[in-house]
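Features reported for this protein in TrEMBL:
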DOMAIN    5-138  domain 'EamA'
TRANSMEM  38-55  transmembrane segment
TRANSMEM  67-85  transmembrane segment
TRANSMEM  91-113  transmembrane segment
TRANSMEM  125-141  transmembrane segment
TRANSMEM  147-169  transmembrane segment
DOMAIN    151-282  domain 'EamA'
TRANSMEM  181-201  transmembrane segment
TRANSMEM  213-235  transmembrane segment
TRANSMEM  242-262  transmembrane segment
TRANSMEM  268-286  transmembrane segment
Amino acid sequence: MYARSVVLVFLGACSYGVLSTFVKLAYADGYDTGHVTGSQMLFGMLMLWALAWPFRRQWVRLSWREVMKIAAAGSLVGITGIFYYASLRYIPASIAIVLLFQFTWIGVLLEALTTRKAPPAMKGVSVAVLLAGTVLASGLLEGNLDRLPLLGLGLGFLSAVSYALFIYLSGRVAPTVSPWLRSPIMITGSFVATLLVYPPVFLVDGSLAERLALWGFLLALFGAVLPTLFFTYGVPHIGPGLASILGSAELPTAVLMSRFVLGEAVSLWQWLGVALILFGIGVAELKPPRWLRTRSPMPASGRDRK
């Protein structure tokens, strides 16, 4: 049971890693960001509701307020997809995934600001390692970053910000609701958010009768259905700590796909940066030495001091 759960969570993370390659291939077929994100969210919503229906006995009656909160949190997934997929029009997939993974330290910063407590020592070490890995993985030392459009880099970073916000909010919005109800509601929120940004012209322009249906299905399968199934089954058996480490498999998967499927150049320095980022994620889950096991609060603001 434990070994199977480890494998499933690992495969769920890897399934996220193939998305950037599918998006690049869809762009090569002539589709734009609106086509890609809209079709993915549509197929994902339909597939998740269909998969969740047999588990409807686990559903609980929710107020409209609760439904809207869950959908609003889920809308950040759609926004993340919009930023991430849009960045792929301007920058290599191997760089876009590195920018997306900045959600790790952004999440630590967000938690510190909202709780007004300094992060644990090992998380601080983790952030330092993550930033060092990002410098290498982005090609900054090799001067490659200067040749990339600022728009693409900015969109990639915004995807990290929105994903960090999603992770922060999803753990606080209706955490006791069955994942077989939360997940379909969340992806419905993602679909609505996508429609607000990109009108659903793909529904009427004949694109779904062509290859867009294939890309939308694959993106939904690997970006919504398989991760939901694998994580729902596997995470409770292995715990969130190991799940976080295994979840980082998305990064090397995306870089490998960009190198061997898309033919993008990935230098040795970039691979070293990827390894450092993975190490940094793992460090955050380690217990600190005894002498570092302190957690001091951040200074209170003036109006909170008595």
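Here, residue 1 is simply the first one shown, and the rest follow in order.
Including glycine, each Cβ sits where the backbone N, Cα and C put it.
Annotations in TrEMBL come from automatic prediction, not curation.
As the structure is a computational prediction, the values presented were derived from the model and not from experiment.
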### Task
Using a Cβ distance cut-off of under 8 Å, indicate which of 38-55, 91-113, 125-141, 147-169, 242-262 has the most pairs with the transmembrane segment (67-85).
147-169
### Query
At least three Cβ pairs under 8 Å linking the transmembrane segment (125-141) and the transmembrane segment (268-286), pairs spaced 6 or more in sequence?
yes
### Confidence summary for the domain 'EamA' (5-138), mean pLDDT rounded
93
### Message
Can you work out which residues elsewhere in the same chain, 6+ from the ends of the transmembrane segment (91-113), have a Cβ less than 8 Å from its Cβ atoms?
### Response
17, 20-21, 23-24, 80, 84, 119, 123, 126-127, 130-131, 134, 137-139, 145, 148-149, 152-153, 156-157, 159-161, 163-165, 167-168, 248, 250-251, 254-255, 257-259, 262, 264, 266, 270, 273-274, 277, 280-281, 284, 298
### Task
Taking helix as H, G and I and strand as E and B in DSSP, count the residues of the domain 'EamA' (5-138) in helix, strand and coil.
111 helix, 1 strand, 22 coil
### Residues in the domain 'EamA' (151-282) grouped by DSSP into helix, strand and remaining coil
106 helix, 0 strand, 26 coil
#### Entry: Folded-back contacts onto the transmembrane segment (38-55), same chain, C-beta under 8 angstroms, at least six residues removed
78, 81, 178, 180-181, 183-184, 187-188, 190-191, 194-195, 198, 200, 202-203, 207-208, 212-213, 215-217, 219-221, 223-225, 228-229
### Query
Counting only residues 6+ away from its ends, which parts of the chain sit with a Cβ under 8 Å from the transmembrane segment (213-235)?
4-9, 11-13, 15-16, 18-19, 22-23, 25-26, 29, 31, 36, 38-44, 47-48, 51, 81, 179-180, 183, 187, 243
